[in-house]
């Protein structure tokens, strides 16, 4: 270790990340202290990583963080993620940010202060490339002054902000490619909460825990969109057909429109979602490149509605991975049994049930027949703890049917996942 250049030692310390580990390691010898002072690139203070932080008074914690930060030169990554047990002095926190802002590329900030610290004002017009902001408040955004010319990634979690300020903040980031919005507290200006965001450079967007009346996103370069635990009346995506990956996870939306951007879709992943199948199919049908389609635990507005596998087979000829799980009602033998178009390129098939019945084995058999080049079949099932004699009989019949079926498809690998 004595022969390692201080620059290499600095890289080693930077990979440790956590301030406690960095301080302990840098105490090894003079050379390591020099590496920590001059060549440390990343430093992290996280109350979840080290319970000792919680045992310190706020003043002692401020001193510890201040001493550690001020012993460094040229930090590029700084993470200060503290729980709500401490409220720091705004002056102290501003001193940390002012000392490091000229060289910072990445900042993760979850610090409660009295009064509130305006991160945008302090870190704007600098070289920041990634900003993670949590449990904070943003007001009065001025794009001409609070500009982030190099910012590529922005994450806001549990942040209070108005719809106007959010749009202004996005416009102040001309290079932004990734946006994450988690459980925002949207300041309301009227009875209807509407957000309209526009960015020509956005490629990846993630929304979690967002509840609004209307959300309109205009993103000409978007490739990835993931929405989770959201409640919306209307969501509209406007773009140039660049969207490749679209994921919905436990989302409630009355009117969903991504049709304008769906031409390049390669992955559609929908989980716990209520849909009108004809409308949903029409929305994604423009894509001729779809490779993976996952419709899992979906519910229909109409009890008699089905997912039409014939339209999937005819419309998505490049599909290689198909996953389907929804309630197959007794007597509905027409589920997926109409039509003859095959899913020629599907090699992985995932099928699931929440309540098993006799229709399921028929459904599995028909889908196997539709996939002549299938390599892998995965069956997911929910088995209740309390089982009647009838439940056991249905499960036994299904198991026997699958055993018989797989004798015809010996080239297919079969997996069962029960919960």
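Every residue gets a Cβ built from N, Cα and C, even glycine.
Swiss-Prot annotations:
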type   : residues : note
DOMAIN : 1-48     : domain 'F-box'
REPEAT : 53-82    : repeat 'LRR 1'
REPEAT : 96-124   : repeat 'LRR 2'
REPEAT : 133-157  : repeat 'LRR 3'
REPEAT : 158-183  : repeat 'LRR 4'
REPEAT : 185-209  : repeat 'LRR 5'
REPEAT : 245-272  : repeat 'LRR 6'
REPEAT : 273-297  : repeat 'LRR 7'
REPEAT : 301-326  : repeat 'LRR 8'
REPEAT : 356-381  : repeat 'LRR 9'
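Take the repeat 'LRR 8' (301-326) and the stretches 133-157, 158-183, 185-209, 245-272, 356-381: counting Cβ pairs under 8 Å, 356-381 has the most.
According to DSSP, the secondary structure content of the repeat 'LRR 2' (96-124) in residues is 10 helix, 7 strand, 12 coil. Sequence-distant contacts of the repeat 'LRR 4' (158-183) (same chain, six or more residues past either end, CB-CB distance under 8 Å): 120, 124, 133-143, 146-152, 189, 193-199, 201-210. The DSSP breakdown of the repeat 'LRR 6' (245-272), given as helix, strand and coil counts, is 6 helix, 19 strand, 3 coil.
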